[in-house]
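Asks: Swiss-Prot lists these features:
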type     : residues      : note
BINDING  : 225, 227, 248 : Zn(2+) binding site
DISULFID : 171-185       : disulfide bond
DISULFID : 231-242       : disulfide bond
CARBOHYD : 71            : N-linked glycosylation site
MOD_RES  : 370           : phosphoserine
MOD_RES  : 379           : phosphoserine
SITE     : 294           : site 'Important for obstruction of the ion pore in the closed conformation'
TOPO_DOM : 278-282       : topological domain 'Cytoplasmic'
TOPO_DOM : 336-430       : topological domain 'Cytoplasmic'
TRANSMEM : 256-277       : transmembrane segment
TRANSMEM : 283-303       : transmembrane segment
TRANSMEM : 315-335       : transmembrane segment
TRANSMEM : 431-451       : transmembrane segment
């Protein structure tokens, strides 16, 4: 009996300790569950659960795989816009590129925050659109002081991806109206590998393209209106989504007025000074003419140094060519004046030479027939035709009168002839003083009306 009583005592003690242990375990479990309800999940645990290895998320597969295409909304913020080069026909721009899409696999409800800003290193863990710039010639990422990238995930699965880029984009230019031209430079955003069955780019509805406040360009005026278009590309590999923005840039003429137009205008006016210089001052007028021609040639070459070698004629080429033509014409004008003013000397020299030949010919005939009969000589010879009638008389002392011995007009003297040609030369200078400025004024009217008004309006109509 004592053994049985002892066994019962041990058994009751065992039950007691077992019950106490169970109660302690239940209390611990309830405490842990209460703690889990009061303390949220840590960010690390949450990210591991959302996109870690155990989450089942595969960054290689796009959202809605084998379903509707992913719509990616794009937005651009322009930090700087410049370095527009005519020779290479490109421009440089610094932008924030923002892309937004929905990935249902990243939707969450366990974490209290409405959005999560993640480290850029997490970009490798999620799917991203394969966007590239179709007209890009060069691009740079920014890593100072860290990668200039932003990744933000929202509760509903929306993903915001922003990156800072510096791009060099091609911009084919039409320089026919240079430097009064308006250029249109484009930026094309295209998918490289996903066709439109998988991915579609769209512009953001509100403020799709933003420009930094106070942004100015050295030579261009960036117009506020920007054309947003779709530029779907068709290749052998399929149809790919593409969107583009067009920037309208109007060139400012201030630099070219100061560096090209005004100097060439003054050179042309300077060439007209020779019209007021005495025609006898040949060294001064020739030096002035040659100097202005050479200066104008140098100016014309300088205007083409910063421009590409195109096959068509630009507005600045027409201006420089006409200015060079006026300067060269002023030099030719003095050549004409000098030629006319020296004509009297040539005429006197010609008369003197002709007179000497005539007298020599008459004397030669006279001596040839001096040995023949006097009657025959008188009947056959008539010296009046050679201007020697007063020197040779007939037998009766009367000067024979031939049919050509009429009343002759006395030629003008050397001084009179010189005065006539000098007056003609001065008249050329006088006419040039009025004709050259008038012709240049007419050219300016046509030039500026055509390029600054008519063609300017045509460009705006084409853009609209």
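Heads up, the Cβ atoms here are built off N, Cα and C, so glycines get one too.
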Asks: What is the separation, in Å, between the Cα atoms of residue 171 (disulfide bond) and residue 248 (Zn(2+) binding site)?
Replies: 11
Asks: Using the alpha carbons only, what distance in Å do you get between residue 225 (Zn(2+) binding site) and residue 231 (disulfide bond) once rounded?
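Replies: Computed Cα spacing between residue 225 (Zn(2+) binding site) and residue 231 (disulfide bond) is 19 Å.
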Asks: Near residue 242 (disulfide bond), which residues of its own chain have a C-beta under 8 A away, given they sit six or more steps off in sequence?
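Replies: Listed in sequence order, they are 134, 188, 189, 190, 191, 201, 230, 231, 232, 233.
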Asks: Nearest to residue 185 (disulfide bond) in three-dimensional space, by Cα, is which of the recorded positions 227, 248, 294?
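Replies: That would be 248, nearest by Cα distance.
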Asks: Can you tell me the mean pLDDT for the topological domain 'Cytoplasmic' (278-282)?
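Replies: Average per-residue pLDDT within the topological domain 'Cytoplasmic' (278-282): 87.
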Asks: Can you tell me whether DSSP puts residue 242 (disulfide bond) in helix, strand or coil?
Replies: strand
Asks: Under an 8 Å Cβ to Cβ limit, what residues of the same chain, 6 or more beyond the ends of the topological domain 'Cytoplasmic' (278-282), are close to it?
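Replies: Distal contacts: 334, 337-338, 341, 425-426, 429.
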Asks: What kind of secondary structure is residue 171 (disulfide bond) part of, going by DSSP in three states?
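Replies: Note: residue 171 (disulfide bond) is coil by DSSP, not helix or strand.
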Asks: Whole-number Å only: compute the distance from the Cα of residue 248 (Zn(2+) binding site) to the Cα of residue 71 (N-linked glycosylation site).
Replies: 28
Asks: Could you give the Cα-Cα distance between residue 294 (site 'Important for obstruction of the ion pore in the closed conformation') and residue 227 (Zn(2+) binding site), in whole Å?
Replies: 46
